[in-house]
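Below: the structure, in structure tokens.
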């Protein structure tokens, strides 16, 4: 992709975001969007998440530049997810114990110096694989506590009737800030280096911290014992509760399978797919990911209009569309094919992820929200880790196109099978 094409495309991206913002602004200022706390929550969470996404890109690029190996890069991606497997559930329990706003502030105060350390190491040329892995693990550990606490805070800010819209616009905000970050970093990548990703992330964490400090939410401090035994008891309580929740059990099951099939091909695999046909792999990767975020904004604008309430069927429809997008990309991966595929993928993935958040918020008892979100996150990161390891290994023996084709077909088959399973169970429940 030439510099002129990249610049003009991203300027168009930025203009498009501004147009969408003005079109959506009237709705956003109504009801819950007049709520200063929600706006602070949305701004702080979206810029922080977008910054984390950019750092993830930077880590992928840096690891690949250091190793020149798709397999080793995949394994470093797996290392990044492992803390969520070991500490994810604990993070959810801890988030249910403490005032969530305070916990979020502490996590950002830990993240900021870690990013500073990574930036200093990088620009002093002191970064190596071991130091990169150590910082990545520590950053991931903060996410184990930050992510469930942040998601569990939303129901305390927005009433249930407005949560579909709130979740949708929160996702729009994440993607809009990601696009702006991509616009800046994508241009600079053509002239500078990967360190810009980490610098942008540092700025986003500082903005997020300021928003959290300004947030005013009434949270009740829980007067419960806090111990390792209590962690175990709370997790067992949630496990017992989960066994009685058919919809949530099915949601978690299909999520694990779909995310396992998606993670590697959309992160490392996508980079390797572009490597086969592009002379500017890193800038093209940033461009396409930014374009994907634009498509996500468009999809999110329509979700509140089309789905006032969401169900497990909505989630499965999303996964079916999601898989169809990857199927198209597996057989048509020139620029036009990739762009069309990304639009289809964004429609399915975003519908599924928004429905998953809504179902957890509406189907799970509020005192267990953080544990439910952390359990969901642990499943996602176990799926991510296995995906990085399995497909990173298979890439040595199977072409990237074949891996894409197999994963997309399995995603579609999984969605169809779970849809039929749920339909039969629903029919059984309706029998007299």
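We count from 1, first residue shown onward.
Even glycines carry a Cβ here, placed using N, Cα and C.
The structure displayed is predicted, hence computed values, not measured ones.
Database features, via TrEMBL:
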TRANSMEM  6-26  transmembrane segment
DOMAIN    37-426  domain 'Major facilitator superfamily (MFS) profile'
TRANSMEM  38-63  transmembrane segment
TRANSMEM  75-95  transmembrane segment
TRANSMEM  102-123  transmembrane segment
TRANSMEM  129-148  transmembrane segment
TRANSMEM  169-190  transmembrane segment
TRANSMEM  196-217  transmembrane segment
TRANSMEM  286-307  transmembrane segment
TRANSMEM  314-332  transmembrane segment
TRANSMEM  338-360  transmembrane segment
TRANSMEM  372-395  transmembrane segment
TRANSMEM  401-422  transmembrane segment
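Counting Cβ pairs under 8 Å that are 6 or more residues apart, the transmembrane segment (102-123) and the transmembrane segment (372-395) reach fewer than 3 and are not in contact. For the domain 'Major facilitator superfamily (MFS) profile' (37-426), the model gives a mean pLDDT of 85.
Annotation: stretch 38-63 has the most Cβ pairs under 8 Å to the transmembrane segment (196-217), among 38-63, 75-95, 314-332, 338-360, 401-422.
The transmembrane segment (314-332) shares more Cβ pairs under 8 Å with 401-422 than with any other stretch in the list 75-95, 129-148, 286-307, 401-422.
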